[in-house]
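The structure appears right after this line, and notes come after that.
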Amino acid sequence: MPNVKLPDGNVKHFEAPLTIYDVAHHISPGLAKAAIAGRVDGVLVDTSYLIKEDCSLIIVTEKHEDSLEIIRHSTAHLLAQAVKALFPSAQVTIGPVIEDGFYYDFAFERSFTPDDLSLIEAKMHELAKANLSITRRELPRNEAIQYFKSLGEEYKAKIIADIPENEALSLYRQGDFEDLCRGPHVPSTGFLKAFKLTKVAGAYWRGDSNNEMLQRIYGTAWADKKSLEEYLFRLEEAEKRDHRKLGKALDLFHFQDIAPGMVFWHPKGWTIYQELEHYMRNRLVDFGYQEIRTPQLVDRSLWEKSGHWANFRDEMFVTETENRHYAVKPMSCPCHVQIYNHGLKSYRDLPLRLSEFGNCHRCEPSGALHGLMRVRNMVQDDAHIFCTEDQIQSEVAMMLELVQSVYKDFGFTEIKYRLALRPEKRVGSDDVWDKAETALKLAMQGRNIEWVDAPGEGAFYGPKIECSLSDCLGRIWQCGTIQVDFSMPARLEASYVAEDGSKQTPVMLHRAILGSFERFMGILIEHYAGKLPLWLSPVQAVVLTISEKQNEYAEKVRKTLQKRGIRANFDLRNEKIGFKIREHTLQKIPYLLVVGDKEVENCQVAVRTRDGIDLGVMTIDTICDTLTQEIIRKGSI
C-alpha cells in the first residue's frame, strides 16, 4: 500500500497501487486535467506510471520546469506522425529535443519544401486537435527490430540494433503512429497547443558525412501561445540582428571559400577589432599582466608532451618541413609554459601573470562554421597565471573583478556564473581539489557573486568558473573562463624554488574574458543590432554639408574632431541633406553633424543622433567635449 510524499511535505496513503493521474485526481480534478507527467523519486515518468511502493512525487504541469522538454519531445513525435500521414514512404530516424525546440530527421526521396512544411504543420494542428491518447508499451529488443522492419522503418531497426540487449525498449503510440522512445510523453496530443516548424536542412545519418543525407525538420514548442509568440518575436529580432547580415551592410568584414572560417576584416571592422585590443591591453596592464608573444607554428614534440596531440590532433592544422612535423597552435597554454620555464623561478616571482592576444587555428568541421561565432582562425585574450596553491583565491578574486569591470564597460551587467567541480577521473589529490574548489567559492563570495554548481563537469586537471553573458534577447553566451590546472605545469616541467629551498610545481590558472575577439564582436554586433556604443563605433561622427559652400568648414570640423581623438569623417557629396542623413543613419554612425551657412557663420554644428534625436546646435568645442565624455563613460551611460 503506497505512501506518496508530496512537495509540501504531506503524505498521502493509498490502499492499492495507482497511477500518477489517479494521485493528481485524488488531490483535485483540475490538477489531474493539467498533469503532463510526474517525477517519482527524482525520475520523470508518464502520468500512466503505476505507483506500487512508497515514494516522493512531484506532479508536473505546464508551469513546472520539466514540462517544456516533455512538450517538445512529444511535439517531435507529432511532427513524425504528420510526415508519415502525408508522405507514407518517408522513414523516421531520430527526433531529439534541442535548445528552444526539437528536430526530426527523415529519409525521403526528395527535399522537403517550404510548402511541404506548411502542410505538415497544418496536419500537426489537426492531430493535436484530435486529442489522441498517447500510450506506452514495452517490447523485447529482437521483437522491436522485426516490428519496425515490418513497417519499412529500416533506420529505426538499426537504432534498436545498437541498443544493449539488456535495456528495456519502450514504444509510444498515438493514433496509428508508433515510435521508439524512452519517454515520458504528454498524456494526449491535445496538450500540444503551441508549436511552429521553423526550417528544414540536410543532415547526415548519424552525423557521418560518409553516410546518406537525411532531411532535418526543425521546430519549436511551448506551453502556451503567448510564450510561442514571444519566442518567435525573439527569433525575428535575432534574424534582423544577424551579425553576418549587419557585417555586410555596415562593411565590417566578409568570408570567402578561399579561406573557410577565416575573417577578411574591412577597415571599419578592423577599427572595432583594434579598439577591443587596445582596451583589453590597457585593462591588463592595470591588473599587473605582462604581455608576451609566442610562435604560431610549433614542433609536434611540445604538443605530444602537453597532451594536445593525443586529445586534440584532429582539430589541429599540421605541416611537415625538413623532416619535422609542426602544428599551428590551437591554443597558447603550452607556449606560455615555455616562457615561464625560461630562467629559474623563485616563490618571490609568483604570481606571474602572462597575457597574449593569441592567434590560434582550429580545424573546425566546415558544417559547423558560423560567421564570427564559429571560425577556424581566432584571436583569444589568453592569460596564464602561475601561482602557489595559497595564491589561487586572491588571484581568482582579482580575475573576477576584472571580468565584471570589462563586461560592464561593454554594456553587459547580467552575468551568470557556473562552477564546474571535480570529475570522477582526475589528477591531483582530494586535498588539493578541496583547496582549489574552496578557493574559487570564496573568491566568488568575496565579490558577492551567485553561482550554480556543476558537479562532475570540471576538467580532469582542475575546477573552473564559467562566465556567461545575457544579451538583449535573453540569449546566453559563455565567454569568460577561469580554469585551475594542476596537470600542465607538471607535464611541461614547470617549477619554482619554494621558501624552504625545495623544488615545487606551480599551479597554472587559465583565464579568458572575451573568449575570442571574433565571437565577442559577433555578440556585440547582435546585442546592439549594429548600433555599437560610441567608444566602439568605427566612425563616431560624420560632418554633413548642405552645399559645397560649407566644404572648407566641414574639413576644419573633421580635423578638429580627429585631433581630439574622435573618429570622424565628412560627406561633401552634392546630394540633398535628407539623403545624406538617411544614408549615414543606416550606417549606424552615432552622431551626424550638419553644417549650413548659419553654422559656418557662428562656428557651430547642428547635431543629430542616429536615432533621429535633434540635439540642437553646438560649438565645435562643445561637441568635442560631449563626445569625449561619452567615450570615457563607455558602458556606464
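Cβ from N, Cα, C; glycine included.
Annotated features, as they stand in Swiss-Prot:
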type	residues	note
DOMAIN	1-61	domain 'TGS'
REGION	242-533	region 'Catalytic'
BINDING	Cys333, His384, His510	Zn(2+) binding site
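Overlay of Swiss-Prot feature records on the structure.
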| residue | record | Cβ within 10 Å |
| --- | --- | --- |
| Cys333 | Zn(2+) binding site | 21 |
| His384 | Zn(2+) binding site | 26 |
| His510 | Zn(2+) binding site | 22 |
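A Cβ within 8 Å of the Cβ centre of Cys333, His384, His510, the residues given for Zn(2+), is found for these other residues of the same chain: Met331, Ser332, His336, Asp382, Ala383, Gln483, Asp485, Met488, Met508, Leu509, Arg511.
Per-residue confidence over the region 'Catalytic' (242-533) averages out at a pLDDT of 94. Counting residues of the domain 'TGS' (1-61) by DSSP class, helix then strand then coil, yields 14 helix, 23 strand, 24 coil.
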